[in-house]
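Feature annotations, reproduced from Swiss-Prot:
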{"type": "BINDING", "residues": "GLY8, LEU9, SER10, GLY11, ALA12, GLY13, LYS14, SER15", "note": "ATP binding site"}
{"type": "BINDING", "residues": "ASP59, ILE60, ARG61, GLY62", "note": "GTP binding site"}
Amino acid sequence: MRFVIVTGLSGAGKSQAIRSLEDLGYFCVDNLPPTLMGKFAEACYQTDGKIDKIALVIDIRGGEFFDDLFENLKYLKEQNYRYEILFLDASDKVLVKRYKESRRTHPLAPGGRLIQGIELERRRLNEVKYKANNIIDTSNMTQMQLREKIWRIYGDDEQIENRLIIDVLSFGFKYGIPVDADLVFDVRFLPNPYYIPELKQFSGDDKEIQDYVLGFKETKEFIAKLDDMLKFLIPNYIKEGKIQLVVAIGCTGGRHRSVTIANAIYDRLKEKGHKVSKEHRDINEDIKKGGRKL
């Protein structure tokens, strides 16, 4: 089990760090009182491997509970619960700027000067910082750069290589464009098998429709161009820290052309080793509604 304790200065990026760990599959808990760490770790270890990655945020917001941190870390060590500490730091100047922009009050300076609260927190956390396994100074980092750093430290090789999840979704424009789509492609320019009586009953999951739709020159050219575009976009999305990409392909009813193209794109992405899923949102909508309204 990998047990990460995330701590550090207020405003240094702990929230972004815990979100990044959550994206890596860690079971995350924010602001857990240190007095509960032992019981929490024990409960996780008793899941027989169902929970194998844990991340806890423990910071100065815990008030007097924070003073019990070292005693509880000692208890974890005595019980052979292996843990590592990630400490988020930033310069006073950057922390002041971030607090001014967010218009939040510092937990140790609710009624006093911000810089005094930062200095007090830095002194109180000095010993924790000394014990940290990893220290990340976020002073000159963007959120994406911090996420990248977290992924490199706490993600495994497979996660780093295949961190982008691609969802290929077919849909019918008559039923609305998917609200979560990142890329939308309209394939209504392709010949429509709906108007071929002997094909109308089938869907893009059937060979009859696939042979018809994929048999046209325009279809082959479109798939090749879309494949080439995704080949360019995917590594750039990964570079920017994107973890999910929804590629939506639409035709009129979402049963024939869009399903066929979505299947073809899904197969190509799968062959290239991408982490990809597919969904045909509206494939049965026309049938459920008793036929298509023109």
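Each residue, glycine too, has its Cβ placed from N, Cα and C.
Here the binding-site residues are LEU9, ALA12, ILE60, and the one ringed by the most other CB atoms within 10 angstroms is ALA12. Spacing of LEU9 (ATP binding site) relative to ASP59 (GTP binding site) is 8 Å (Cα to Cα, whole number).
Rounded to a whole number, the distance between the Cα atoms of SER10 (ATP binding site) and ILE60 (GTP binding site) is 8 Å. For the recorded site, GLY8 (ATP binding site), the DSSP three-state label reads strand.
With every protein chain in view, the residue among the binding-site residues SER10, SER15 whose Cβ has the most Cβ partners within 10 Å turns out to be SER10.
When other Cβ atoms within 10 Å of the Cβ of ASP59 (GTP binding site) are tallied across all protein chains shown, the result is 21. Other residues of the chain with a Cβ within 8 Å of the Cβ centroid of GLY8, LEU9, SER10, GLY11, ALA12, GLY13, LYS14, SER15, the ATP site, are ASP59, LEU88, ALA90, THR138.
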